[in-house]
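Undergrad: The following block contains the structure, expressed as structure tokens.
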2 protein chains.
Amino acid sequence: MAIWLEQAQADFDERFKTFLTTKREVSADVNATVADIIADVRQRGDAALAEYSKRFDQLDFAETPMRVTPEEIAEALRSVDPQIVDALKFAAARIEKHHARQMPADDIYEDAIGVGLGSRWTAIDAVGLYVPGGTASYPSSVLMNAVPARVAGVPRIVMVVPALAGAINPTVLAAASIAGVEEIYRIGGAQAIAALAYGTETIEPVAKIVGPGNAYVAAAKRQVFGTVGIDMIAGPSEVLVIADRNNDPDWLAADLLAQAEHDTGAQSILITDDADLGRAVEAAVERQLKTLGRSETATASWRDFGAVIVVRDLLDSLPLANRIAAEHLELAVDDPDALLSGVRNAGAIFVGRHTPEVIGDYVGGSNHVLPTARSARFSSGLSVLDFVKRTSILRLGPEQLRQLAPAAITLARSEGLDAHAKSVAIRLNLEG
Amino acid sequence: MAIWLEQAQADFDERFKTFLTTKREVSADVNATVADIIADVRQRGDAALAEYSKRFDQLDFAETPMRVTPEEIAEALRSVDPQIVDALKFAAARIEKHHARQMPADDIYEDAIGVGLGSRWTAIDAVGLYVPGGTASYPSSVLMNAVPARVAGVPRIVMVVPALAGAINPTVLAAASIAGVEEIYRIGGAQAIAALAYGTETIEPVAKIVGPGNAYVAAAKRQVFGTVGIDMIAGPSEVLVIADRNNDPDWLAADLLAQAEHDTGAQSILITDDADLGRAVEAAVERQLKTLGRSETATASWRDFGAVIVVRDLLDSLPLANRIAAEHLELAVDDPDALLSGVRNAGAIFVGRHTPEVIGDYVGGSNHVLPTARSARFSSGLSVLDFVKRTSILRLGPEQLRQLAPAAITLARSEGLDAHAKSVAIRLNLEG
């Protein structure tokens, strides 16, 4: 049974605040272990990787080489159900088309006094993509991370994936191949992150690491941050559905459960102005829960973190939604545009009853790597921008320098920076 | 005496690599202390802030209120030398004009089959700006952080600044006022970061914290990251000057020293194809060092981390520059455009002999908050983008859903996610 809140309750504000700050993730402190692993890989390189793979993945590089061969990739592509391959290609094409629009344009210009200013974007030289093993090994996530990197023009994309006894999910290899990733190593965990950040005899280091992973991988990414760039550290998934009375409760229940089945820490929230709909959705959730393959996970998530919030007016859902800042926000209402412009904080918005969030997970074209745990208040989903960086350019001639010099010298002096003042003044034979 | 490297040396590659990986920053481990302070501020709010301010800043909020009054800000603006105020206004106007061009445009469109896709940018609701006390309290940095936030449309900008015995550098307050910052608190250190992240009775929490600080502030920013967004953690400043023989050694020496005077950990590097120029610049540095107010700092920086690298051909400087990925790169050569296009990794490029880096520190218009310690390989300088976030939007009608459904259902099933498949299928009366 999920939490039930009503705006009409006297202590609603207090209860909503408590709900908002409930922690959904127990983060084990693995920092010391991870630090040791990273230090070991920096020190011993491939030898350390070989040892960890033997220990954690029952994998001997003397028998199965660390790098996946082109033949293995081709074989995976052949072995996967053609319907799935087609679906992956369909998704990749849509993702590519949408992300191509995100490529930022250079802006090089001269201002009114002839100072040349500019922003120039270049792709990151090399990016590492971590793909988890086991059940969290999603081919769709390979596309969502690799396609934007390729669109950005990243010349080298390296994938690492733990391979228990050497085996990699062939659909993951197929997705990698479709996304154009050719450099793949069967390593995982903190040791894979260390290898990407610092390099080994076999693996050249990269400049940035993206992709989801377990607590060890997340801790390792935090520790190597600075040496390389990293993407966000994603928490459990979440969906907020804002719904009016004119909904089929079964549709909404399915949407709530699509989040809940991801993880026991996932969160599904319904906000509605109709308590009857709320109760009907709750009942539908209970019914559908029985039919799911991941019923246990979904049941725990809905029981521990699920919520139905009844508001007086649909417009009252907006301030709540902006505080929740959900990763996914569905607007299942007759007039979604009346709400859309009032949403400030959300990773992605799914507009109208015929846009289930799941479309965005796979084939909408937009990215499914989105800010969780209220971080949509200050951050964005993965995009081409995560794979490029901007260099600013400044260009003065003697005349422009003459015009800007006095203010620069004044400010340098006021900050007590003699050499700063001198560096400008000396070019104009002024007093520094 | 700086390091001297020549490309002609047999072991140049090895020596350059060692030079590249030399650590310039000793980071004290203050994590435990900082964690305690953060927990204390979360627990006790204003009372904790009052206690820390008494202890660290000899400041009693019973006598001097935590929040700076509008009268104090107005008084500071009056008390500062009008020439400095004018220079700050001149700088702010140029920064504003340049940054206004960085505002990203929304992109809302329909694709060929009528799927609505979109990227919508919104300003972050509230941003905190940390300003250090003491000699590192730069008014120019107030402008560089606050103006882009205001350009982005951030409705609430909060500044915190430690105030020894209550006093704040009036030029800092003047800069804040010019940048339109009105909510200013005299608190500093990890406790100020905690107050911004979690809020207290007096201070509403913000969604993102930017600005430089000491080891405690940096550690606190790392620890609250996730609860709020943070900007980069900046290391010591650095400049790389690529120069041909046709330079006045004194100009280049002044540029190198403008970095060196910042910090003993700062780094100044000259790459030239003319060993004679290299020696002349070294001599000029030694001469100028004697005249600087911050001679001790600059001497230590140049001695410990300064470098002159002699290459055979100016074009050979490009691969080195891309590996160094300097925060600031000056192209002091006859034909800077011949080099410009080959630079992939740099925070900012200063083109030609009449563009000393110092212009970019103050009045160029571009931002002086730039990636240090080789992080220009994967990150960018501060910009309007740091103060906005992107929400993606997806909008399907029944017909679009019908077209995208089969691939989505196929992929959901292949990932073992029943409820995902059902959430799409149920809307079309298909088998989930």
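Quick reminder: no glycine exception, Cβ is built from N, Cα and C everywhere.
Pulled these from TrEMBL:
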BINDING   A:Y130, A:Q191, A:N214  NAD(+) binding site
BINDING   A:S237, A:Q259, A:H262, A:H328, A:D361, A:E415, A:H420  substrate binding site
BINDING   A:Q259, A:H262, A:D361, A:H420  Zn(2+) binding site
ACT_SITE  A:E327  active site, proton acceptor
ACT_SITE  A:H328  active site, proton acceptor
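Tell me what's around each of these sites.
TA: Look at A:Q191 (NAD(+) binding site): DSSP puts it in a helix.
For A:S237 (substrate binding site), the number of other Cβ atoms no farther than 10 Å from its own Cβ, over all displayed protein chains, is 24.
Listed in sequence order, A:A408, A:A412 are the same-chain residues six or more apart from A:H420 (substrate binding site) with CB atoms under 8 A from its CB.
For the recorded site, A:E327 (active site, proton acceptor), the DSSP three-state label reads coil.
Taking a C-beta cut-off of under 8 Å and a sequence gap of six or more, A:H328 (substrate binding site) has these contacts in its own chain: A:S237, A:E238, A:V239, A:L240, A:Q259, A:A346, A:G347, A:A348, A:F350, A:E357, A:G360, A:L370.
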Undergrad: Go through the recorded positions A:Y130, A:Q191, A:N214, A:S237, A:E327, A:H328 one by one and keep only those whose Cβ is less than 8 Å from a Cβ of chain B; report them in sequence order, or 'none'.
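TA: The answer is none, since no candidate qualifies.
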Undergrad: Using a Cβ cut-off under 8 Å and a sequence separation of 6 or more, which residues in the same chain sit near A:N214 (NAD(+) binding site)?
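TA: For A:N214 (NAD(+) binding site), the qualifying residues are A:P132, A:A136, A:G189.
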Undergrad: Which one is it: of the binding-site residues A:Y130, A:Q191, A:H262, A:E415, whose Cα lies the shortest distance from the Cα of A:E327 (active site, proton acceptor)?
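TA: Result for A:E327 (active site, proton acceptor): the nearest of the binding-site residues is A:H262.
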Undergrad: Determine, to the nearest whole angstrom, how far the Cα atom of A:Q191 (NAD(+) binding site) is from the Cα atom of A:H262 (substrate binding site).
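TA: Here the two Cα atoms lie 26 Å apart.
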Undergrad: Provide the three-state secondary structure of A:S237 (substrate binding site) computed with DSSP.
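TA: Coil, per DSSP.
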Undergrad: Write down the Cα-Cα distance for A:Y130 (NAD(+) binding site) and A:D361 (substrate binding site), rounded and given in Å.
TA: 18
Undergrad: Please report the DSSP secondary structure of A:D361 (substrate binding site), reduced to three states.
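TA: Once the DSSP labels are grouped into three classes, A:D361 (substrate binding site) ends up as helix.
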Undergrad: Report the largest Cα to Cα distance, in Å and rounded to a whole number, among the residues A:S237, A:Q259, A:H262, A:H328, A:D361, A:E415, A:H420 that the record lists as binding substrate.
TA: 55
Undergrad: Once A:Y130, A:Q191, A:N214 are set aside, which residues in the chain still have Cβ within 8 Å of the Cβ centroid of the NAD(+) site?
TA: A:P132, A:V160, A:P162, A:G188, A:G189, A:A190, A:A192, A:I193, A:G213, A:Y216, A:V217, A:A220
